[in-house]
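J.: One structure, as structure tokens, below. Some questions next.
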Amino acid sequence: MKFTLHKTNGMARRGTMTFNRPQGEFTVETPAFMPVGTYGTVKGMTPEEVRVTGAEILLGNTFHLWLRPGQEIMRQHGDLHDFMQWHRPILTDSGGFQVFSLGKLRKITEEGVKFQNPINGERIFLSPEKSMEIQYDLGSDIVMIFDECTPYPATFDYAKKSMEMSLRWAKRSRERFDELGNKNALFGIVQGSTFEDLRKLSIEGLINIGFDGYAVGGLAVGEPKEDMHRILAYVCPQLPADKPRYLMGVGKPEDLVEGVRRGIDMFDCVMPTRNARNGHLFVSNGIVKIRNAKYRNDTTSLDPECDCYTCKHYTKAYLYHLDKCGEILGARLNTIHNLHYYQRLMAQIRQAIEEDRFEDFVVEFYKKIGKSVPTR
């Protein structure tokens, strides 16, 4: 992977990630949003439909794909790209977040994490080395190191111990990644909870090890938005300018805008797809909750500013009807729209940065959705 930074506007950055794959060279324009394909699919969508929304890179889930279908099936197909028939770039998380979310079902040691398989109950073990091996078999274009996602709230002492162990695991991840001869990209993950001095130590340690990009982890886990914004504003200027920056698991449209304001290049979140299945649709002036009875006789399109397949062909009344009847098509049309909305938002952000008017765009964005602009 090669990252090229083309332009900055304030702290906002406009760049390109270039990937050489067997099918040719692929580019990902940044800032970028990655739809989430947890089990090797963006729920309810074919790869072609996802691509039409504007997506250039997807996120796959190492933990879930390891448990089911497993490494052997993946190897038999070639890799995750072949398995799901998406031949553009894929980023996979390390499995750490899912393991640590198991709570009492897991035990953390220096070697890794022992936990109970949520599918069949057997005891299994995941380590930095094992995570690198799984992601190698997945053929991930961007591999994430194995780390501990520090919970919130956390005491300073706990956050410090967690961050220090994550650094040791980062080094082990790097070493196993290199031993495997993996020629793809490996990203480090900055931890340290809401403590700036711990974040600084994490950054210094990761830069010393050396990675192709840097993610900001341990945010969007329950902390106040002000803390997330503060940590991003503190962390991003200390990261290498020539490497992409990735805010993990974020988020709402406003979170994407605020992340870009503070120097983030990449995002992922299940929100557009999960919310779509629950009738919660993102539009230019805010949100449409399509299950509301007021849409029963609404013959207008979902969003007059949107040119997605759903908005070009169907009315709110039809989407309301599909949802009420429990029709699968309703969830699919909603998903097409929400994914398109996110990709259109990122395209608007990129254009605003190119034209040196990103802050004007931010003001207009918040004005449309009826909210005030957060302070930096």
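Every residue number used here counts from 1 along the chain in the order it is shown.
Using N, Cα and C of the backbone, Cβ positions are placed for all residues, glycine too.
What you are looking at is a predicted structure, and each value in this text was computed from that prediction instead of being measured.
Below, the features straight out of Swiss-Prot:
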- ASP93: active site, proton acceptor (ACT_SITE)
- ASP268: active site, nucleophile (ACT_SITE)
- ASP93, SER94, GLY95, GLY96, PHE97, ASP147, GLN191, GLY218: substrate binding site (BINDING)
- CYS306, CYS308, CYS311, HIS337: Zn(2+) binding site (BINDING)
- 249-255: region 'RNA binding' (REGION)
- 273-277: region 'RNA binding' (REGION)
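Each of the listed features needs to be described in terms of its position in the shown structure.
T.: In three-state terms derived from DSSP, ASP93 (active site, proton acceptor) belongs to an extended strand segment.
Look at ASP268 (active site, nucleophile): DSSP puts it in a strand. All protein chains considered, the CB of ASP268 (active site, nucleophile) has 22 other CB atoms within 10 Å.
Other Cβ atoms within 10 Å of the Cβ of GLY96 (substrate binding site), summed over all protein chains shown, number 25.
Neighbours of CYS311 (Zn(2+) binding site), defined as other CB atoms within 10 A of its CB across all chains, total 21.
With helix defined as DSSP H, G or I and strand as E or B, the region 'RNA binding' (249-255) counts 3 helix, 0 strand, 4 coil.
Counting residues 6+ beyond its ends, the region 'RNA binding' (273-277) has Cβ neighbours under 8 Å at 35-36, 42-44, 331, 334-335, 337-339 in the same chain.
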J.: Within 8 Å of the Cβ centroid of the Zn(2+) site residues CYS306, CYS308, CYS311, HIS337, which other residues of the same chain have their Cβ?
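T.: Along the chain, the qualifying residues are SER301, LEU302, ASP303, ASP307, TYR309, THR310, LYS312, ILE336, HIS340, TYR341.
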J.: To the nearest whole angstrom, what is the C-alpha distance linking GLY96 (substrate binding site) and ASP268 (active site, nucleophile)?
T.: 16
J.: Nearest to PHE97 (substrate binding site) by Cα, among CYS306, CYS308, CYS311, HIS337 (binding-site residues)?
T.: HIS337
J.: So if I draw a 10 Å sphere around the Cβ of SER94 (substrate binding site), how many other Cβ atoms end up inside it?
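T.: A count of 29.
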J.: Please compare the binding-site residues CYS306, CYS308 by how many other CB atoms fall within 10 Å of each one's CB, and tell me which has the fewest.
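T.: Output over binding-site residues CYS306, CYS308: least Cβ neighbours within 10 Å is CYS306.
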J.: Compared by Cα position, which of the recorded positions ASP93, CYS306, CYS308, CYS311, HIS337 is the closest one to GLN191 (substrate binding site)?
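T.: Considering only the listed recorded positions, the nearest one is ASP93.
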